[in-house]
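Listed features, source Swiss-Prot:
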type	residues	note
TRANSMEM	5-25	transmembrane segment
TRANSMEM	64-84	transmembrane segment
TRANSMEM	136-156	transmembrane segment
TRANSMEM	179-199	transmembrane segment
TRANSMEM	254-274	transmembrane segment
TRANSMEM	285-305	transmembrane segment
TRANSMEM	330-350	transmembrane segment
TRANSMEM	357-376	transmembrane segment
TRANSMEM	421-441	transmembrane segment
TRANSMEM	488-508	transmembrane segment
TRANSMEM	527-547	transmembrane segment
Amino acid sequence: MTLNGWIQIALYGAIVLALVKPLGSYMTRVFTGERTFLSPVLGPIERGLYRVSGIDDRQEQHWLAYTGAVILFHVLGFAVLYAILRLQAVLPLNPADQTAVAPDLAFNTSTSFITNTNWQSYGGETTLSYLSQMLGLTHQNFLSAATGIAVAVALIRGFARASSGTIGSFWVDVTRATLYVLLPICVPYTLFLVWQGIPQTLGAYADATTLEGAKQTIALGPVASQVAIKMLGTNGGGFFNANAAHPFENPTALSNLVQMVSIFAIGAALTNVFGRMVGDERQGWAILGAMGILFLAGVLVTYWAEAHGSSVLNSFGLTGGNMEGKETRFGIAASALFAVITTAASCGAVNAMHDSFTALGGLIPLLNMQLGEIIIGGVGAGLYGMLIFVIVAIFVAGLMVGRTPEYLGKKIEAKEVKMAMLGILCLPLMMLGFTALATVVPAGLAGPANAGPHGFTEILYAYTSAAANNGSAFGGLTANTLFYNSTLAIGMLVGRFFVKIPVLAIAGSLAAKKTVPASAGTFPTHGGLFVGLLVGVILIIGGLTFFPSLALGPVVEHLAGAAGQTFATGG
């Protein structure tokens with residue numbers, strides 16, 4: 001642990017905090033229909049899109065209609081992406097002559113990108129054409145991110161409105177999220193990445209001769225445009241198999257910093273949007289404060305674990321920390337910070353190999369996902385995931401004082417609590433259920449490259465990542481099989497829709513309620529006491545649910561390593 005490392009972490013936190021208010025103010029104006037500085041340019045385009053699509057932007061939807069639109073949007077997106085992948089060999093922009101993607105892999109990949117997971121059981125440069133990368137994956141990166149933002153805004157309206165039968169229009173929300181938020185940032189962001197050295201070309205792969213005379217093919221493509229939205233939209237899927245560790249995706253320390261900032265930018269700013277739309281910015285800062293506490297704790301543990309290395313490494317005199325699987329241009333601090341950021345959000349991009357982290361260093365990214373990625377989280381998904389925990393925390397506070405729980409003037413009743421618990425419990429069902437299955441069937445046991453607790457963690461990490469819609473992986477798992485492609489895809493679908501649908505049900509229920517004036521007995525939800533309660537509820541639920549699985553994996557691995565015990569490679 002070095003002063004330079006701490007400065008990097010502090011600088012990152014300061015930049016993200018500095019963006020919260022201006023970006024939050026801008027997005028509030030976008031989603032409340034107010035005029036912005038981009039309205040003169042984008043307004044005519046927006047209205048033109050509505051006319052072509054037959055959408056009345058003044059017609060709002062009941063929560064059931066909003067939910068139906070969300071599901072339909074995903075179904076259509078899946079069908080288009082699946083068709084592109086299966087027909088890849090006969091479609092244009094395929095200079096490397098990539099063949100059609102296999103049915104099970106196409107199913108997994110299509111599910112992955114429409115759900116904002118971006119799990120990849122393949123290497124992009126050896127599997128996909130430029131058309132598949134652009135029209136298929138990059139396109140869905142925009143739409144899946146916009147969908148998450150739209151659902152979060154719908155839930156905010158549920159808290160902000162009173163006696164209302166509608167929560168907005170999905171078609172308007174997803175259009176504005178794409179047109180006014182994602183695209184205006186991604187265009188200059190892409191140009192910045194090109195300046196940093198990331199390729200953006202439709203030219204064929206380049207053939208090169210090394211200094212030793214060997215022939216080498218250098219993969220190229222429209223990389224910068226995909227990297228920009230994969231980071232900003234917390235999608236995470238890499239153009240190349242090495243993801244953000246590849247020098248063509250993340251070549252410099254500056255590009256690394258900007259990419260890390262962009263992962264958190266929208267998610268952090270949405271807490272400010274929440275505060276502004278409910279009429280009390282302190283509410284947003286309280287939620288961001290809870291997120292910040294959990295994030296900082298994760299960074300401290302991961303940085304400490306990686307900087308101190310493992311007892312096995314230290315026994316060989318390697319006392320410089322754990323550099324295995326890390327890029328020297330980033331070092332331990334930036335790699336540990338990136339790992340916590342990408343799993344606190346639902347991004348999943350990596351600039352180091354998580355499978356090569358120490359046992360405790362790998363535990364934190366795993367735990368971040370198991371908590372539901374509510375520490376900033378994915379664009380939109382992080383906020384509505386955290387608000388689910390807020391509802392549970394308010395319910396617990398109400399039980400302790402014997403009062404009907406209230407939040408922002410809305411009574412939290414049985415329906416909201418049931419929907420919140422459904423959204424929370426569907427994740428461990430997928431994460432732990434499929435992990436248990438994979439450890440007892442031959443097709444599952446054939447996947448991990450390592451024996452013992454680390455092999456178990458590789459399986460647990462995969463299903464946790466899929467259900468949490470993260471997409472990062474312990475790379476030692478061979479996942480491109482019928483068993484893993486199918487079960488991981490099911491986990492992604494349940495993790496996406498069995499959270500979104502309860503969230504929209506909560507939004508509709510709250511929007512229809514009247515606002516109750518605050519009284520002397522109302523529990524304040526903008527101070528330190530509430531932040532502490534919220535953090536406690538998150539850790540208790542996460543700890544009770546996932547501690548047994550963590551004990552079987554990274555905890556046992558750490559204790560065994562401290563005792564000098566290692567496990568042979570091989571599942």
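Each Cβ is built from the backbone N, Cα and C atoms, and glycine gets one as well.
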Can you work out whether the transmembrane segment (136-156) touches the transmembrane segment (254-274), with the criterion being 3+ CB pairs under 8 Å where the paired residues are 6 or more apart along the chain? yes
Under a criterion of three or more Cβ pairs within a distance under 8 Å and sequence separation of at least 6, are the transmembrane segment (330-350) and the transmembrane segment (179-199) in contact? no
Count the CB pairs under 8 A between the transmembrane segment (5-25) and each of 64-84, 179-199, 254-274, 285-305, then give me the winner. 254-274
Quickly jot the same-chain residues contacting the transmembrane segment (64-84) by Cβ under 8 Å, restricted to those at least six beyond its ends, or write none. 91, 106-107, 109-111, 113-115, 131-132, 135-137, 139-140, 143-144, 147, 150-151, 154, 167-171, 174, 496-497, 500-501, 504-505, 507-508
